[in-house]
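Trainee: The structure that follows is given in the form of structure tokens.
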């Protein structure tokens, strides 16, 4: 009887913890970082995923999202799309926000970058 009670409590605790697991969801691109950043709730039995896409050795973009019954997370390393010449790496994780994107770019950093580019443009015009 003790074992049945312990098993039931463990199952309830697992369902309660996994029901609140969240993943980041966005398309991450160079310079801009995560575009359309959101959060999704992970369904029980599924995992967060991050797919990194490369052209040769150059990173092109990443797709962060929750795995779903229609598109579950399947880890893949160096899968190649021969028509486009792209390589894909997909990793899976099941902790809260484990597929963490890079921090959002700060407005100050963007302002410094734009000011530097404007200064360079003016210098080139002289």
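Glycine too: its Cβ is placed from the backbone N, Cα and C atoms.
Keep in mind that this is a model prediction, so the values were computed, not measured.
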Trainee: Of the residues 78, 89, which is given the N-linked glycosylation site tag by Swiss-Prot?
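Mentor: Annotated as N-linked glycosylation site in Swiss-Prot: 89.
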Trainee: For residue 48 (disulfide bond), write down the residues of its own chain that are at least 6 apart in sequence and whose Cβ falls under 8 Å from its Cβ; none is a fine answer.
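Mentor: The list for residue 48 (disulfide bond) reads 21, 23, 24, 42, 64, 65, 66, 67, 73, 92, 93, 94, 95, 97, 98, 99, given in order along the sequence.
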Trainee: Using DSSP, how many residues of the domain 'UPAR/Ly6' (21-112) fall into helix, strand and coil, respectively?
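Mentor: Secondary-structure composition of the domain 'UPAR/Ly6' (21-112): 6 helix, 48 strand, 38 coil.
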Trainee: Let's check the environment of residue 40 (disulfide bond): how many other CB atoms sit within 10 Å of its CB?
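Mentor: If we count other Cβ atoms within 10 Å of residue 40 (disulfide bond), we arrive at 16.
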